[in-house]
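*Asks:* Encoded as structure tokens, here's the structure I'll be asking about.
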Amino acid sequence: MEAIFEKWEDILQTVKEEHEITQISFDTWLKPLEICTVDDHKLYILVPEEMNITGLKYITRRYELPLKVTIAEMTGIEYELVFVLPEEAKKLKTSPKKQPVTSELAERSNLNPSYTFDTFVVGSNNRFAQSASLAVAESPGEAYNPLYIYGGPGLGKTHLMHSIGNFILEQNPDLRVLYVTSEEFTNEVIESIRTGNATAMTKLREKYRTVDVLMIDDIQFIIGKESTQEEFFHTFNVLHAAGKQIILTSDKPPKEMETLEERIQSRFEWGLMADIGVPDYETRMAILRRKVEADEMDLSDDILNYIATNIKSNIRELEGALNKLLAYSNLVKTEITMDIAMKELQNIITPDKPKEITPQLIIEVVSEHCQISLEQMISKNRSSAVARPRQIAMYLCKNMTNIPLESIGKLLGGRDHTTIMHGVNKITEEYETNENTRTLIETIKKKINPN
Ligand SMILES: Nc1ncnc2c1ncn2[C@@H]1O[C@H](COP(=O)(O)OP(=O)(O)OP(=O)(O)O)[C@@H](O)[C@H]1O
């Protein structure tokens with residue numbers, strides 16, 4: 001604990017040098033910072049009163065990460081940094097932990113209080129999405145509207161969305177924030193249509209069109225659901241025109257949602273689109289460390305390294321591995337060694353066996369990505385909404401496996417060699433000439449083979 005106090009000046013200087021911070025910026029933002037107190041691995045840093053909350057937010061945004069990295073390098077300890085103004089600093093001894101928002105409005109918002117910016121580890125894969133989210137949280141309805149966050153499964157889209165909501169409510173508990181999954185939204189639309197009375201529809205509209213911040217998770221699932229799309233379209237227009245914030249997440253960018261109505265697709269692009277990619281090794285380690293700390297687990301760095309090296313493309317799976325070890329240690333009450341970890345995680349981690357790329361896997365991934373059922377993929381349906389994903393699957397099977405064209409044809413509904421060749425050639429030509437097709441193919445390829 002003492003080391004950090006002694007090294008504070010050096011730490012600030014190192015941040016300045018390593019990040020080429022100008023003297024004026026250094027004197028303005030970094031030099032006045034002082035350590036307030038250390039509580040476990042939480043480092044409270046005092047921000048001078050005159051900087052007020054705006055300066056505090058700016059320092060957090062701009063300097064938290066450089067400070068954190070340098071502190072970890074120079075003290076060997078990963079601190080969580082908390083910037084505080086003098087007024088808040090006074091309360092620290094009695095209540096160092098932030099109280100969760102508990103107002104009635106907050107409860108109705110459906111937010112998970114543990115998904116906050118504080119618990120979100122920032123790395124190169126999500127830095128843009130995180131800063132865009134913070135900007136939206138700081139000035140809802142003004143910064144970017146809508147904010148559209150997209151990326152693969154388990155990469156933190158929902159976490160970021162909740163962080164925005166929690167931040168907004170913390171700053172302004174009177175705002176009406178509402179989080180729903182697109183499945184919940186769809187079910188409510190269906191239910192109000194099913195009851196067939198005007199009151200149900202009015203209630204639904206009242207609920208969604210009077211909020212200050214509307215968040216819909218996994219918006220891709222409204223594709224193909226006409227009434228839901230229609231309701232969403234009007235809700236979007238009403239809220240947007242009134243300057244209310246809309247935040248959406250999806251597994252892909254709007255331009256890849258080919259079967260989504262054009263008018264909705266274009267609205268998604270009105271504001272800011274931010275993608276979250278697969279985390280690099282350092283970010284995966286940082287996420288593991290944070291969780292180990294939060295759960296007060298005792299795991300060696302070797303074990304964390306083993307997990308981070310072998311689980312690369314999904315943070316939910318990364319956490320799942322830790323949860324498995326946590327459950328084991330609670331049950332058996334023994335220290336987790338590397339051997340135990342490897343044995344316990346053998347169903348999750350198969351280090352020497354990368355997932356085999358089979359035509360079945362390719363067809364499944366394409367069908368999921370393009371929101372076309374497996375039945376449609378192999379059906380006789382030749383409408384472009386179905387034929388195109390099918391041709392993409394043909395192209396990928398040809399390029400990613402050694403399976404003969406005849407076998408690909410058999411798997412895709414008993415089609416002959418010429419049909420498969422035609423599909424492959426068509427997508428090959430598009431891949432070479434059309435940037436959207438290229439992006440689409442590369443995204444699907446990454447889903448098939450993330451390594
Ligand atoms: N950068 C991060 N820092 C800390 N935890 C993270 C981070 N990213 C993801 N997680 C954790 O990983 C888990 C999965 O994240 P989340 O549910 O937000 O993913 P998602 O992108 O919404 O996935 P899906 O598309 O499958 O719904 C959550 O427990 C979340 O807290």
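Cβ coordinates are placed from backbone N, Cα and C, and glycine is handled just like the others.
Just so you know, TrEMBL annotations are computer predictions that nobody has curated.
Feature annotation from TrEMBL assigns ATP binding site to Gly154, Gly156, Lys157, Thr158. Per TrEMBL, the feature domain 'AAA+ ATPase' maps to 143-274. Sequence annotations record features per position, and here TrEMBL assigns domain 'Chromosomal replication initiator DnaA C-terminal' to 358-427. As annotated by TrEMBL, region 'Domain I, interacts with DnaA modulators' applies to 1-90. The annotation region 'Domain IV, binds dsDNA' is assigned in TrEMBL to 330-451.
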*Asks:* What's the most sparsely packed of the binding-site residues Gly154, Gly156, counting other C-beta atoms within 10 A?
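*Replies:* Relative to the other binding-site residues in Gly154, Gly156, Gly154 has the fewest Cβ atoms within 10 Å.
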*Asks:* Around the ATP site formed by Gly154, Gly156, Lys157, Thr158, which additional residues qualify by having Cβ within 8 Å of the site's Cβ center?
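*Replies:* The surrounding set, listed in chain order, is Gly151, Pro153, Leu155, His159, Leu160, Thr249, Ile276, Ile315, Arg316.
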*Asks:* Can you give me the same-chain residues 6 or more apart in sequence from Thr158 (ATP binding site) with a CB-CB distance under 8 Å?
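*Replies:* When sequence neighbours closer than 6 are ignored, Thr158 (ATP binding site) has Tyr115, Asp217, Thr249 within Cβ distance under 8 Å.
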*Asks:* Reported in the order helix, strand, coil, what are the DSSP residue counts of the domain 'AAA+ ATPase' (143-274)?
*Replies:* 71 helix, 24 strand, 37 coil
*Asks:* Just to confirm my parser: what is the rounded mean pLDDT across the domain 'Chromosomal replication initiator DnaA C-terminal' (358-427)?
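*Replies:* The predicted confidence over the domain 'Chromosomal replication initiator DnaA C-terminal' (358-427), as a mean pLDDT, is 92.
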*Asks:* If I restrict to non-local contacts, at least six residues apart, and a C-beta distance under 8 angstroms, what lies near Lys157 (ATP binding site) in its own chain?
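*Replies:* Those within reach of Lys157 (ATP binding site), by Cβ under 8 Å and sequence separation of 6 or more, are Ala129, Ile149, Tyr150, Gly151, Asp217, Thr249, Ile276.
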*Asks:* Pull the DSSP breakdown for the region 'Domain IV, binds dsDNA' (330-451) and write it out as helix, strand, coil residue counts.
*Replies:* 81 helix, 0 strand, 41 coil
